[in-house]
Amino acid sequence: MFGGPRGASIIDSLDTLYIMGLKEEYNDAKEWVQTSLDLNSNGEASLFEVNIRYVGGLLSAYYLTGEELFRNKAVELGEKLLPAFNTPTGIPRGVINLGSSGTSWSWGWASAGSSILAEFGTLHLEFVHLTELSNNPVYKEKVMNIRKLLNKIEKPHGLYPNFLSPVSGNWVQHHVSIGGLGDSFYEYLIKSYLMSDKTDEDAKTTYYTAMEAIEANLVQKSPGGLTYMAEWRGGILDHKMGHLACFSGGMIGIGADDGAPEKRQHYLDLAAEITHTCHESYDRSTTKLGPEAFRFDSGAEATATRLSDRYYILRPEVIESYMYMWRLTHDPKYRDWGWEAVEALEQHCRVESGFSGIRDVYTLTVSHDNMQQSFFLSETLKYLYLLFSDDDLLSFEDWVFNTEAHPLPIIRKSCLQDEATEEKTVSE
Ligand code: DMJ
């Protein structure tokens, strides 16, 4: 669906298999990576998807198992992504040919050759680890350059629009969203701070400043009392929330502890309210699975009003927020809600050879879309598993999850200090 080498589901599920103790399946997957993973595939591949699913999957497989194979493949693949950054601003283009040409270009559907915020803004965690593992500073330099440009550029009302020109470095359109096209940019700000053992102050400040703008401009309360994140189109609100935006309950929850102390409870409440709204979008459907997008206008409250928004493609975001909120509060309702999702998945999505998305969450005469996205194995099932596990399995004290639920270790302050001293000695 997004180009890239064959085997997305295998790579995306390596860590899931490993933490679940599915040894035989994990060994099969490892052998496949060893013998059959071909990183030289020609054709178009999404820089973002290859990074979050393949690089992220290989990195976490390496960190969990210590197998050099995964580290080598991650670095080999990372190198192949670098040509996408050869633009006048260093903002990468969205599509890359992983074959020998290394050419890159922008998505045909993105206006005026622009790059997408959630795509170029969701590289930081993996690229910092690529530098760690390869001792090559280039990866970190590339993502720090993106950050520098974003810090410098003017933001309308403090918001980050979804489209930016990699040529001029200017915003191309004023569409802002915490869902698709914007989502994981915000996630990677707070997670960059957490993954740096809370030393990356710049990421932290940027995150909280962005959160303030989001609260001031996008967070809304419906007539029925549901809190939601609307989308912003040049100052006009679209009262729609995508399933993708439901990750924000978890993100706001994990960010609650590190902002201004007087705002801690406020952020925890906001995280709980958003997660509640997302649960409502599931609960108000016939299948108890949520639609791709739900609305809060024309009398609708957390339901899809358009036929084209009624599908569910095994996405993880709502369950992801249940998992984070469970770990942060231990309120049993999050496990109850997770279990409702398990039952609905079993009932409506299980098919003979796996699980399938469904075309309409509001009908019991289920129509399957015949597709099991790789993130179902990487994220949806992993978050469910963690929701019902003890908190010390991939503890938040030690791990940060990339946007595809691949755990990456926190880089300890002491290592960062050693690196800084090394850099200084080299430059002297
Ligand atoms: C995943 O690939 C990632 O979570 C990404 O950030 C957004 N969408 C999908 C799952 O819905």
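Cβ atoms here come from the backbone N, Cα and C positions, even for glycine.
The model shown is predicted, which means the values in this text are computed figures rather than measured ones.
The active site, proton donor annotation in TrEMBL covers GLU49 (among others). Other C-beta atoms found within 10 angstroms of the C-beta of GLU49 (active site, proton donor) number 20, with every protein chain shown included.
Among the features that TrEMBL reports, active site is placed at ASP183 (among others). DSSP gives ASP183 (active site) a helix state. Its own atom aside, the Cβ of ASP183 (active site) has 26 Cβ atoms within 10 angstroms in the protein chains shown.
Taking Cβ-Cβ distances under 8 Å and a sequence separation of 6 or more, the neighbours of GLU292 (active site, proton donor) in its chain are GLY242, HIS243, ALA304, ASP309, ARG310, TYR311, TYR312, ILE313, ARG315. DSSP assigns GLU292 (active site, proton donor) to coil in the three-state reduction, placing it in neither a helix nor a strand. Annotation comment: TrEMBL describes GLU292 (among others) as active site, proton donor.
Other Cβ atoms within 10 Å of the Cβ of GLU317 (active site), summed over all protein chains shown, number 24. The DSSP secondary structure for GLU317 (active site) is helix. Annotation comment: TrEMBL describes GLU317 (among others) as active site.
If you look up TrEMBL, you'll see THR403 marked as Ca(2+) binding site. Under DSSP, THR403 (Ca(2+) binding site) is assigned to coil, being neither helix nor strand in the three-state scheme.
The feature disulfide bond is assigned by TrEMBL to CYS246-CYS278. DSSP assigns CYS246 (disulfide bond) to a helical segment in the three-state reduction.
Per Cα geometry, GLU317 is the residue among the recorded positions GLU49, ASP183, GLU317, THR403 nearest to CYS246 (disulfide bond). Under 6 Å, Cβ to nearest atom of ligand 1: this is the test, and of the recorded positions GLU49, CYS246, CYS278, GLU292, THR403 it is passed by THR403. Distance noted between the C-alpha atoms of CYS278 (disulfide bond) and GLU317 (active site) is 9 Å. If you compare Cα positions, GLU49 (active site, proton donor) sits closest to THR403 out of the recorded positions ASP183, GLU317, THR403.
Neighbour count (other Cβ atoms within 10 Å of the Cβ, all protein chains): 25 for THR403 (Ca(2+) binding site). Around the Cβ of CYS246 (disulfide bond), the number of neighbouring Cβ atoms within 10 Å comes to 31.
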